[in-house]
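Can you read through this structure? Questions will come right after.
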Amino acid sequence: MIATMPLLGALLATALPTLWLEVMGETKPTLQLKLFNKFSKESQKFVKERRNDNLTSDSSNIDSLPSTWGTPRFHEMLHRQDQRRLGATLHSDSTLFFSSGNFTMNYGEDYGWLHYAVINIGTPNVSFLVALDTGSNLLWVPCECRQCASNSARQQLDIPLNMYNPAASNTSQHISCSNSICESSEVCKDENDNCIYNVRYISANTRTSGVLVEDIIYLSSSNDQNTSVKARIVFGCGQVQSGNFLSSGAPDGLLGLGLGAISLPNTLAKAGLVRDSFSMCFESDGSGRIFFGDKGLASQNTTPFLHSSGTHAGYIVGLESMAVGSSNVQHQIDIVIDTGTSFTYLPRGLYSAVTTEFDKHIGQKRINISDVPWNFCYESSDGDMQAPPVSMVFTGGGNFSVYNPLIGIYGAKGVMEAICLTIIESDVAIVGRKFC
């Protein structure tokens with residue numbers, strides 16, 4: 001009978017058949033396991049031989065292992081291995097949320113109808129009120145500003161807004177052009193130069209640019225011990241902003257929650273801290289919460305993500321049809337789910353069919369309002385309009401009921417004058433947060 005033993009993640013074992021002399025003078029065949037540290041010369045030789053024999057796909061990245069035992073790089077890699085192992089404990093039964101508290105906020109029109117959360121970065125930590133955006137990947141905050149939001153735009157809120165200073169954080173490191181996460185390395189003059197970034201957003205003339213840095217973000221775990229977690233992340237030191245970032249949208253930074261390698265959900269998952277998932281829920285009053293690593297309920301509907309065509313960085317799903325009342329509008333398209341976009345945009349054919357069906361069910365008089373982007377608005381003084389239920393059917397059969405597809409229009413005295421269907425005809429297909 002041969003006993004087996006689990007191998008520690010930091011060790012690599014090779015099996016060597018031997019003969020072992022036991023008590024009673026009997027010679028029995030046994031199996032001896034000789035253990036090597038993963039970073040030892042024996043282990044490196046073993047992996048190289050397997051790679052040369054085409055027995056492995058080189059997933060161990062042997063070239064990145066330290067060549068000298070006991071060097072600072074050697075101990076740093078051991079430390080990262082510890083973090084992955086500790087993270088695996090969190091991974092199994094917990095979720096993470098921002099250390100400032102698990103809540104999100106919406107400040108209405110003055111701040112672009114976006115949802116915001118408070119994050120803490122650096123040592124000592126500095127807090128930022130960042131907009132949440134599933135349609136992009138990068139987290140950036142105001143930093144070494146040459147063109148950022150004006151003080152008046154930043155000071156309208158009741159909480160302090162800050163600037164990030166890499167030199168003031170003991171744990172900050174610049175990302176060099178030689179780092180694999182740097183996408184602008186081709187424009188670098190030297191591989192040791194700071195990696196620059198330049199991100200353009202769907203809103204007109206809205207951009208952010210600067211340099212990439214690495215620092216600590218502070219999180220809390222939902223497990224019984226309420227564990228504090230420090231995670232190293234790469235983010236943008238936002239030196240130049242333009243467009244909406246100079247006024248109402250994200251004056252204190254933006255958190256990209258997309259599928260890219262640099263996004264926070266991806267970073268936390270790769271570090272072994274949580275599952276590769278997250279959830280956001282928004283209440284009708286604008287409040288909400290966000291969990292990283294949340295796997296959801298077993299009873300919930302699901303739909304697979306589709307591969308991006310490169311035109312949008314967010315979450316793309318397949319829309320099979322839309323139901324308006326008892327009518328079912330069949331129209332198969334790829335559509336983006338984007339919390340950074342306020343309203344819902346549909347291509348002409350689907351837009352025409354959905355709005356026509358919706359209009360058939362409305363008893364109120366349809367009116368034109370010049371200052372809004374919607375074409376289907378109706379008289380309503382009290383908001384009590386009988387509207388048909390609207391739902392979307394996605395690939396896989398998941399049915400998503402639209403909570404409230406309408407928005408009230410108020411006059412100068414704060415009295416409701418009309419209600420509009422918040423769907424806009426467009427060349428792109430996006431489900432915005434107001435459709436949730």
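For all residues, glycine too, the Cβ spot is worked out from N, Cα and C.
Copying in the features that TrEMBL gives for the protein in this structure:
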SIGNAL    1-25  signal peptide
DOMAIN    115-436  domain 'Peptidase A1'
ACT_SITE  Asp133  active site
ACT_SITE  Asp338  active site
Asp133 (active site) to Asp338 (active site): how many Å between their Cα atoms?
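Taking the Cα atoms only, Asp133 (active site) lies 7 Å from Asp338 (active site).
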Including all protein chains displayed, how many Cβ atoms other than that of Asp338 (active site) lie within 10 Å of its Cβ?
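Summing over all protein chains shown, Asp338 (active site) has 25 other Cβ atoms within 10 Å.
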If you draw a 10 Å sphere around the Cβ of Asp133 (active site), how many other Cβ atoms fall inside it, taking every protein chain shown into account?
26
For the domain 'Peptidase A1' (115-436), report the average pLDDT of the model, please.
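Averaging the confidence scores along the domain 'Peptidase A1' (115-436) gives 88.
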